[in-house]
Amino acid sequence: MIQAIELGKVAVLYGGNSSEREISLIGGRAVHAALCAAGIDAHLLDTGDPNRIWTLKDEHFSRAFVMLHGRGGEDGEIQAILQWLGIPYTGSRVLACALAMDKVVCKKVWQSAGLPVLADVLVTPESRFETLVEQLHCQDFVIKPALEGSSVGVSRVKNQEQLAAAIPFAGGARAKIMAEPWIVGRELTYGIVNDTVLPAIEIVAGNDHDFYDYDAKYHAANTQYLCPAPIDAALDARCREIAFAAFQAIGARGWGRVDMIVDAQNRPYLLEINLVPGMTTHSLVPMAAQQIGMDFSALVQSILAQTLTS
C-alpha cells in the first residue's frame, strides 16, 4: 500500500455542473472518506465554481483524484486544466476522455479497430420514425444523447409518437442525439483498474423497467447485479478481450468501465466506455473489485497511486 507522505495534499474533485452532479457528489464524498481513513491528506473540492480549480497550485495540492462525471469533468476539460497546472491526476488524459465522452465518435474509433459495435444514426427534431426503420433495419430503437452518461435522457422508441417525445428528453435541437437498434440480450460491464480486467457483472433491470435507465441505476430496489456474471468461460474470455481492446483503442489509462450487450446468439456489442466510473454504494467497479479481494479503500488507493508514475 502507498505511504500517505508520498502523496502529499490530495484534491478530490467532485460535483461540477453536469447532469450527473448529484452522483459525483456522492462518489466524491465516498472517495474522500476512504482516503482520509487511510491517513491521506485529502480535501474535497467542488468544481461547481469554475474558478475553484485554478486555486489548486496556490493551495499547494500535490495531485488530484478526479471524481467528476459528464461534461466539464469527464470530457477532457478538467484534465486539460490539470495538465496546464502541472498537477498529476487520476484516470485518462485529454484525448481519451474526449473520445469516450462522445459515443458516436468513440464507436467510430472502435469500429476502425475491428471491434463490434451496433449501427447508429444521428437524430434531429425533424427525424421520422419511418426513416430510422429504413436506416437501421429494425422497428425498435434506443434514442440517447451522445454526450451524457448515467443513462440520462435515454428512451426506447417503437413509433413516431414515442420518437417525438424522446428527442426533447434527450436534449432537443441543441443536443447531439443518436439512435441505435434495440437489442434483446444480456447487459455486461467490465471494470478495468491498472490494466487488470475485473470480473464481469451482469445487470438485470427489474420487470418495471424496459432497460437499465437512470432510475434503475440509482433508485430502483429490484435491479440485480450478478457478480461474477453467470456466463460461460469462452464468452467471458471473448468479452474481456473486447473490453480491454476498447479501453486501449481510445488510449485510456488508469481505470474505467466498459459496457456491452450480448445478443441471443452470444454476439457481444460494445455500448460505451466510462473513464470516471461511479463510486457510490450502487457502483459497479467497487463491486467487481471485491471479487478479487480488493476492498473500497484498497481500490481508491490503487487508483490514486497511478498519479505517482504519471
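Cβ atoms are placed via backbone N, Cα and C, with glycine included.
Per Swiss-Prot, the features are:
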type	residues	note
BINDING	134-189	ATP binding site
BINDING	ASP259, GLU272	Mg(2+) 1 binding site
BINDING	GLU272, ASN274	Mg(2+) 2 binding site
DOMAIN	107-305	domain 'ATP-grasp'
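Location within the structure of each feature annotated in Swiss-Prot.
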{"residue": "GLU134", "record": "ATP binding site", "contacts (Cβ under 8 Å, 6+ apart)": "none"}
{"residue": "PHE141", "record": "ATP binding site", "contacts (Cβ under 8 Å, 6+ apart)": "LEU132, ARG156, VAL157, LYS158, LEU163, ALA179, GLU180, PRO181, TRP182"}
{"residue": "GLU148", "record": "ATP binding site", "contacts (Cβ under 8 Å, 6+ apart)": "SER19, GLU20, GLY70, ARG71, GLY171"}
{"residue": "SER155", "record": "ATP binding site", "contacts (Cβ under 8 Å, 6+ apart)": "VAL142, ILE143, LYS144, GLN162, ALA165, ALA166, PHE169, ALA170"}
{"residue": "LYS176", "record": "ATP binding site", "contacts (Cβ under 8 Å, 6+ apart)": "ASP102, VAL104, LEU122, PRO145, ALA146, LEU147"}
{"residue": "ASP259", "record": "Mg(2+) 1 binding site", "contacts (Cβ under 8 Å, 6+ apart)": "GLU187, LEU188, THR189, LEU270, LEU271, GLU272, ILE273, ASN274"}
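According to DSSP, ILE183 (ATP binding site) is assigned to coil rather than to any helix or strand. According to DSSP, PHE141 (ATP binding site) sits within a strand segment.
The average pLDDT computed over the domain 'ATP-grasp' (107-305) stands at 91. A C-beta separation below 8 Å, combined with a sequence spacing of at least six in one chain, links ILE183 (ATP binding site) to LEU118, ILE261, ASP263, TYR269. In this structure, the binding-site residues GLN162, ASN274 were compared by how many other Cβ atoms lie within 10 Å of their Cβ, and the smallest count belongs to GLN162. According to DSSP, GLU272 (Mg(2+) 1 binding site) is assigned to a strand segment.
Around the Cβ of GLU272 (Mg(2+) 1 binding site), the number of neighbouring Cβ atoms within 10 Å comes to 20.
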